[in-house]
Amino acid sequence: MAVGKVVVSVASLLLVVGVAIGVITFVNKGGGANGDSNGPINSHQKAVQTICQSTTDQGSCAKTLDPVKSDDPSKLVKAFLMATKDAITKSSNFTASTEGGMGTNMNATSKAVLDYCKRVLMYALEDLETIVEEMGEDLQQSGTKLDQLKQWLTGVFNYQTDCLDDIEEVELKKIMGEGISNSKVLTSNAIDIFHSVVTAMAQMGVKVDDMKNITMGAGAGGAARRLLEDNDSKGLPKWFSGKDRKLMAKAGRGAPAGGDDGIGEGGGGGGKIKATHVVAKDGSGQFKTISEAVMACPDKNPGRCIIHIKAGIYNEQVRIPKKKNNIFMFGDGATQTIITFDRSVKLSPGTTTSLSGTVQVESEGFMAKWIGFKNTAGPLGHQAVALRVNGDRAVIFNCRFDGYQDTLYVNNGRQFYRNIVVSGTVDFIFGKSATVIQNSLILVRKGSPGQSNYVTADGNEKGAAMKIGIVLHNCRIIPDKELEADKLTIKSYLGRPWKKFATTVIIGTEIGDLIKPEGWTEWQGEQNHKTAKYIEFNNRGPGAATTQRPPWVKVAKSAAEVETYTVANWVGPANWIQEANVPVQLGL
């Protein structure tokens, strides 16, 4: 066979999966699939068994597909996706009816969280429509897209968990959990189906690649999507287009380093870049607020909307809706252009974790450089996010994020951060995305009296095989100036498992002596550590000693053990966005 891509139909791949994992039931001596004596199962039942065997909830999967009178795996998969779409629609309608039924008994926070639930469920529907559209009518020639479609399905699942994660009122959380449980189960099963196919393809040596320049249709919101391709020779993801590479280069050209090791500091003034919109507090730009500039960007933009935010302190909360895709913001330096706001769950009525964010990115293709993001609520405000990113393919360079609890919310999609500073106390890097933070400075702060510090809190609740998790590569984890004197008495940990399959990997990183010898800790009242995945490899510094790590933390001995978590494999296919001088080369 000639070397090159092998394009395989979904139908044939699903049959391969059935054989590969040994799930097709062969009937002997007239026995049924379950060992009964009701006669041999028909071809439809065999196909359903094949598809459903690898799912988390096989009973639900079979029940969904039983009414589909076909043995064509392609038709069954599409029918499953359509059933998932119907279930999410019902979840959205249930949310609206729940809100309406509460009437005057609903407080400001309940109103806010239910409105947020309606919004993210609509996003889930839009993405699911995209998935169905990209698979086509006959689902043929889809083999090369399956890994990407699985990533989008993971986002659909995360949108539904977002809703529940933001609800703190016990009774409302129970009501909503029951109301949207069916759509969560179906979405989870859909991810499992795609994962099995992709795994089988990899085992066969079939290349799982993404099609180029796939564009969403109007039914899915119309926002342009550019999928991943192969690795770039200069260390940039191929989904990071040539034009975007030039924009990033120009935005940083001639920028002096400064501050903490030059990370996240300095300024560029935009170099030779030509902004689409200019924001300036002194009136020298087209807009005085960032929100105005965002709303002036085109909806469903196939190109790039470029916003230059001139030096100044912008006291505003900025939300970038899903339809405002492909926005690139750049400032005049992370300590010169600062977006700040004071909003928190504890001190701001009608606020949830997601809604506390100073900047809230809900769109694809977001880029930022030379900007500071702050939430000034303080430690008494509890959850208070500086930046929340829900959109896929986020690339952020030379920025700074300051807060206390929940500073940086890496909540969905694939995200890459390079040369940033992020400060905080409790769970201050957290979320449910595939995120790599590289060559960055992580400052642990002093919080409320008696409060411990946790750098990370990953929220993977789907499964250990999913690309959901936080990777810190070639970073520095040290105390800030206020914590320095008390760094050995205040307990600080690398992280704790927010959800059942929490995944966090630390590679080639300097870990200061502020980190307790055990390194990691359990989530109070939960058993998530038993199924979580924590890996350390080739770290350095006094806090990197692993002799007292708990047994559920893996200390990798070779690069091969962490190859999955390179930029190329975790947020790719991709290569390093910039070369990093680390003692181990990953992805070789």
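Each residue, glycine too, has its Cβ placed from N, Cα and C.
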Further binder of substrate named by Swiss-Prot next to Q383, R496, W498, taken from the candidates T352, T353, T358, T407: T353
Candidates D406, D427: member of the active-site residues with the richest Cβ shell (10 Å): D406
Helix, strand or coil at T353 (substrate binding site) [DSSP, three-state]: coil
Other CB atoms, at most 10 A from the CB of R496 (substrate binding site): 26
Nearest-integer angstrom distance between the alpha carbons (Cα) of R496 (substrate binding site) and D406 (active site, proton donor): 13
DSSP state at Q405 (site 'Transition state stabilizer'), helix/strand/coil: strand
Entry from the recorded positions list N93, N107, Q383, Q405 having the most other CB atoms no farther than 10 A: Q405
Tertiary neighbours of W498 (substrate binding site) (same chain, Cβ under 8 Å, six or more apart): D427, F430, A457, D458, G459, W523, N528
DSSP state at N93 (N-linked glycosylation site), helix/strand/coil: helix
